[in-house]
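One structure below.
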C-alpha cells in the first residue's frame, strides 16, 4: 500500500524566527497523525537548520526547494546534496513551475537534478504540469507525457515522488476538478510503469478540498503552497479524513 506524502512548499516565505514559531504551533497539531502518511515541509534554505535543530523533528521530514547535480563547484545560488544531507534533509523539489517559468529550466536539467538527488540518497519530488493554454488546446496529456519521459529518464521509481501541478491552478484559487486530476495522475503512473510510485496533486490545495482530493484512487498526497504557511490550515490538510 502506498503511503501518502503531504508536503508543504514555503517558497520564499518565513525567517528562521518565524519558522521556529510555526513549528512550535504546528507540531502539537500533528502528534497523533495517522501512520499511513508522512508530512514534509520545504522551507527556504536559511530556515532548514531551524527544522533540523527542533527537538520534535521526528514528526515531519525536511525537503529542499531545489538541488544541483554536482556536489560542489562554481554554481552561484545553487545548493548541493551533501550540504542538504548535513542538515537532515530527505527530499528535494525539482522542476517546479516557477523555476521552469522564471529561469527557463528544461526537462533535461530537471532530469539531472532528479537523478543526482537519488544517487545522493535524497528523494526527488519532481513537478509536472500544463499551462491553461495547453489545457484548452487539449494538449495536457502530451505535455505531461513529455515532461515525465524526459524529466524522469533513468530515475528509480521506488525512490521518487511525482507532483502533478497544473500551472493554471497554482496560487490562483482555481482547483483542478478531483476527477480530472486523478486521470492525469493515473496517466503518470502508467507512463512510469510502477504501481507503487507516489503521485501528488498540487494547485490551490486547501482544508476545504483536501478530503475530496485524497479520496481519489491515484492521488497519494499533495504538494501545498500558500495553505502550508498557516500551521492550523496545514495541520488540517495533514490530518485529512
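Heads up, the Cβ atoms here are built off N, Cα and C, so glycines get one too.
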Annotated companion of 9, 10, 11, 204, 225, 226 at the substrate site, Swiss-Prot, chosen from 151, 171: 171
Packing count at residue 10 (substrate binding site) (other Cβ atoms within 10 Å of its Cβ): 22
Inter-residue Cα distance where the pair is residue 96 (active site, electrophile) and residue 9 (substrate binding site), in Å: 10
Pairwise Cα distance for residue 204 (substrate binding site)/residue 165 (active site, proton acceptor) [Å, integer]: 9
Residue, out of the recorded positions 11, 96, whose Cβ gathers the largest set of other Cβ atoms within 10 Å: 96
